[in-house]
């Protein structure tokens, strides 16, 4: 078949050349053949029409894909721009346009369809300096980096999803007067869609935290909660995405009122300092000391009173393991004597909390977060409803954190007593909101980073923070 096709192709080329020569000769001799010229014009028009039909088909296919998206709008133009103006939000930068990114605004194309070659972008890398930079040769570093490539591919995919969900949320959802439950549910729907959530393989890593003012962490609206985001609120938006159990955990603070600028600036600066201090063979206590020094160099004036900003001492950053948001090591936010070393190949969330209060948090408010105990032995569950609920949790979440809203979304009915029973048995851990004193304000910034042999990769870093 291959041998037969060559003469045919060659014959076609000769025929085309003869046609061109014939046309050229007729024009030169002023003996143009009107019928021949008309045929050529018609042929060109047909080719152009076929090309237009093909382009229309491609556009229709893209629109069909978009119809699956939670933000789909039939009148929405196809805009391949990632620029987002964040000037309405304090202490967040604008998202700059990226040429390589195929995405609409609002997002309607899943991450896997944007990066079909599975080469997800690297956000930001910090090279090692001093002794850390001379541990091994450059060739050895590159070779060792390849060992973690499968894990990093999953993390980069999750990170790209996190950033695109942030863009959408910052542009469309974060406005005074919005219900927090609406913000969370729309954010989570977009998260599920872009990552193509599929049970434990990929999806949301934990409930969306939107802790307000004196509440520092672990608060998300329970079903029926109608709390509204106010212009004078300080809201910590903390959400996560996972692929194959590898979690991206990143947070920023939402504020509209410029009076809180110094509070937000303190946490953001302290988090960036913690990231710069981190590295292979760095003591965790040294990271905490650097964070505290920067954090507590800030102060803020509120209603005519000066507050020295404090680093919350009993909230920490943490190592992240597969399907385990809080790994074995903790990254303190204050100076201590922890000589535990960070090691190559470890994944960490560096998060800091700036407070105008006591700098200590306690359990407060109604519980919304729950998580199966990673090490819990399976006791005998006698209650039939508790047993059914546990089977559902094992299949849907396993050791991934969940909340009451998720159980209702999963059509679990009359689950409260069953959930309490599982908590009493020690199978499920209740994670109540963590709060400083009432009347205080807390800000948070957080990034996920990976300690590669050659450098630190800040996976969750975007243009915004």
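For all residues, glycine too, the Cβ spot is worked out from N, Cα and C.
Here's what TrEMBL has on this protein:
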- 1-34: region 'Disordered' (REGION)
- 15-25: compositional bias 'Basic residues' (COMPBIAS)
- 154-354: domain 'Peptidase M24' (DOMAIN)
- 218, 326: substrate binding site (BINDING)
- 238, 249, 446: divalent metal cation 1 binding site (BINDING)
- 249, 318, 351, 446: divalent metal cation 2 binding site (BINDING)
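Shown here: features listed in TrEMBL, placed on the structure.
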{"residue": "218", "record": "substrate binding site", "Cβ within 10 Å": "24"}
{"residue": "238", "record": "divalent metal cation 1 binding site", "Cβ within 10 Å": "26"}
{"residue": "249", "record": "divalent metal cation 1 binding site", "Cβ within 10 Å": "28"}
{"residue": "318", "record": "divalent metal cation 2 binding site", "Cβ within 10 Å": "20"}
{"residue": "326", "record": "substrate binding site", "Cβ within 10 Å": "16"}
{"residue": "351", "record": "divalent metal cation 2 binding site", "Cβ within 10 Å": "27"}
{"residue": "446", "record": "divalent metal cation 1 binding site", "Cβ within 10 Å": "24"}
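Distance from the CA of residue 318 (divalent metal cation 2 binding site) to the CA of residue 238 (divalent metal cation 1 binding site) is 14 Å. Restricting the binding-site residues 218, 326, 351 to those with a CA within 10 Å of the CA of residue 446 (divalent metal cation 1 binding site) leaves 351, listed by sequence position. Separating the Cα atoms of residue 351 (divalent metal cation 2 binding site) and residue 249 (divalent metal cation 1 binding site) is a whole-number distance of 9 Å.
Of the recorded residues, residue 249 (divalent metal cation 1 binding site) and residue 318 (divalent metal cation 2 binding site) place their C-alpha atoms 10 Å from one another. Distance between Cα atoms for residue 318 (divalent metal cation 2 binding site) and residue 218 (substrate binding site): 15 Å, as a whole number.
In the predicted model, the domain 'Peptidase M24' (154-354) has a mean pLDDT of 98.
Other residues of the chain with a Cβ within 8 Å of the Cβ centroid of 238, 249, 446, the divalent metal cation 1 site, are 209, 239, 240, 250, 251, 349, 351, 444, 448.
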